[in-house]
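J.: The structure's right below; bear with me while I get my questions together.
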Ligand code: ASP
């Protein structure tokens, strides 16, 4: 028997008990006549003690030699500590060691296995198995387990069935590139790894499964933006015989359950906002509503004066920054420099200080009087003491720029509190999105999303205006889930493919199986998928998803621990028909 207890178990109630513990040597404190060893495992740390009076000399000598991270097994008696440590659950006791056996030595780890480690990100990723021994990483993985267990519990209680769908499939279009896998047995042919189980979950609905979920890996070969992983996990869900309202209710229920079980929060019903309103009020389809600073559109009150920059702009829009009137000239200049950075891309910024005495001081006083500026303050809901920041230009770009500024200022003003949770639904997404470069439309969500009832006709005349039965769940400025009501009619699906630029042959070749299935009594259905990695990190009060993944990839998509991706040898290439010249 390796152990009678774990290193997190023992309390004062165990005093005088003979125990066997196994674990890693976390730390050795050698005072000569007495040695303390912190023994660590997943469950905690227990202090071991050996001393001249009570321990055999040979054992004491052996203990002195123990290096950090050696794996040992000890036998001993639980005794009361003279100086207790209230900071750890086992702090009232220690184990007086009578036998010690080394189970495995450890060479010197490349960084210290402590909560605050001296190891940088790269070295920790290379030795991730050592990093996982550290509390912050270990706790995140345990937290993730807790969240996934709650998800499984809640959904199975609601009669969802977890069904596994294949990983070696044909392309599912979610807007990214596929990872492909060559087929040895079918020369020149390739599987694609699923970007999501989208088509399979729809086929499960045709199969009558009615309520499906799966905690599932998805693969997208994208240029890695910060904090994206080429493989990531979704809580993927689908339901039959549902309208949008049913889906929103079901998954608002799941999210409320998680907030309650994880954080003890009783949530109100989640607010809903249309995509158009989200763009108008926050310049963003995933607004962080933990704080206000909503956009005020100023065209009506700022145009048709002598200020040409505004007159020629499609949109003039501002936000009020709480307390910003006290910013110095230099601070405001720095803010202007910030919006002019290429990453943000604004040409400049107009500002208005709303002085405590009710007067206004702006960077455009030459063109606007106090009465004009009072109207700006009204529209942006600025109070005395606030600063109004105004950007102008092309609508989409200006909104994106002001949204970036809003988030930056909220960060600086400490308004994005990690333990505050502000979920909301964004609904009525456009069905199609214009690709500015090619001038063609593609599905904003995916090609299986159904247009809102009665909008199919609009597809011919003004495709950009068609709204979809598509929705996102947003939490603290992050999209944590997204889904839609699907098309379940073969002809409508065929029409949709046509509008997306597929020839009938292409549509048949790629998605014939789905349209065929629709001919056999496909029920109305819809669903949603949550990004589990992000959901867990937000619930955990942190921003980086890497910290909640056991073995993440770095920003170049590499696993630096196992050193993947890696070349394969010529023999393998040949077998896979990838090299024909050997
Ligand atoms: N398959 C979609 C996605 O991965 C989610 C859904 O529509 O259910 O975003």
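Yeah, the Cβs are placed from backbone N, Cα and C, and that goes for glycine too.
TrEMBL entries are annotated by machine, without manual review.
According to TrEMBL, the L-aspartate binding site annotation covers 174, 220, 445, 486. Annotated ATP binding site per TrEMBL: 220, 221, 222, 229, 479, 531, 532, 533, 534, in sequence order. According to TrEMBL, the domain 'Aminoacyl-transfer RNA synthetases class-II family profile' annotation covers 144-552. TrEMBL lists 198-201 with the feature region 'Aspartate'.
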J.: Which one is it: of the binding-site residues 222, 479, 534, whose Cα lies the shortest distance from the Cα of residue 486 (L-aspartate binding site)?
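T.: Sorting the binding-site residues by distance from residue 486 (L-aspartate binding site), the top entry is 479.
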J.: Nearest to residue 534 (ATP binding site) by Cα, among 174, 220, 445 (binding-site residues)?
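T.: Out of the listed candidates, the nearest Cα belongs to 220.
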J.: Listed binding-site residues: 174, 222, 532. Which have a CB under 6 angstroms from an atom of ligand 1?
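T.: Within range of ligand 1: 174.
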J.: What residues, ordered by sequence, lie under 8 A Cβ-to-Cβ from residue 445 (L-aspartate binding site) and sit at least six positions away in the same chain?
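T.: In sequence order, the residues whose Cβ lies under 8 Å from that of residue 445 (L-aspartate binding site) (at least 6 apart) are 429, 431, 468, 470, 482, 484.
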J.: Work out, from DSSP, the number of helix, strand and coil residues along the region 'Aspartate' (198-201).
T.: 4 helix, 0 strand, 0 coil
J.: Over the region 'Aspartate' (198-201), what is the model's mean pLDDT?
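T.: Residues in the region 'Aspartate' (198-201) carry a mean pLDDT of 98 in this prediction.
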J.: Would you mind listing, in sequence order, the residues at least six apart from residue 222 (ATP binding site) in the same chain with a Cβ closer than 8 Å to its Cβ?
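T.: Non-local contacts for residue 222 (ATP binding site): 176, 177, 228, 230.
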J.: Report, in whole Å, the straight Cα-to-Cα distance of residue 479 (ATP binding site) from residue 174 (L-aspartate binding site).
T.: 15
J.: Whole number in angstrom, please: the longest C-alpha to C-alpha distance across 174, 220, 445, 486 for L-aspartate.
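T.: Taking every pair of listed residues, the largest Cα separation comes to 22 Å.
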J.: Please report the number of other Cβ atoms within 10 Å of the Cβ of residue 220 (L-aspartate binding site).
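T.: By my count, 20.
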J.: Using a 10 Å cut-off, grab the number of neighbouring Cβ atoms around the Cβ of residue 532 (ATP binding site), all chains included.
T.: 26
J.: Determine the most Cβ-crowded residue among the binding-site residues 486, 534, using a 10 Å radius around each Cβ and all protein chains in the structure.
T.: 486
J.: Under 8 Å between C-beta atoms and at least six apart in sequence, can you list the same-chain neighbours of residue 479 (ATP binding site), or say none if there are none?
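T.: Correct list: 285, 286, 472, 473, 531, 534.
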J.: Can you grab the distance from residue 532 (ATP binding site) over to residue 220 (L-aspartate binding site)? Cα atoms, rounded to a whole Å.
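T.: On Cα coordinates alone, these residues lie 15 Å apart.
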J.: Give the three-state DSSP assignment (helix, strand or coil) for residue 174 (L-aspartate binding site).
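T.: Residue 174 (L-aspartate binding site) sits in coil per DSSP, no helix or strand.
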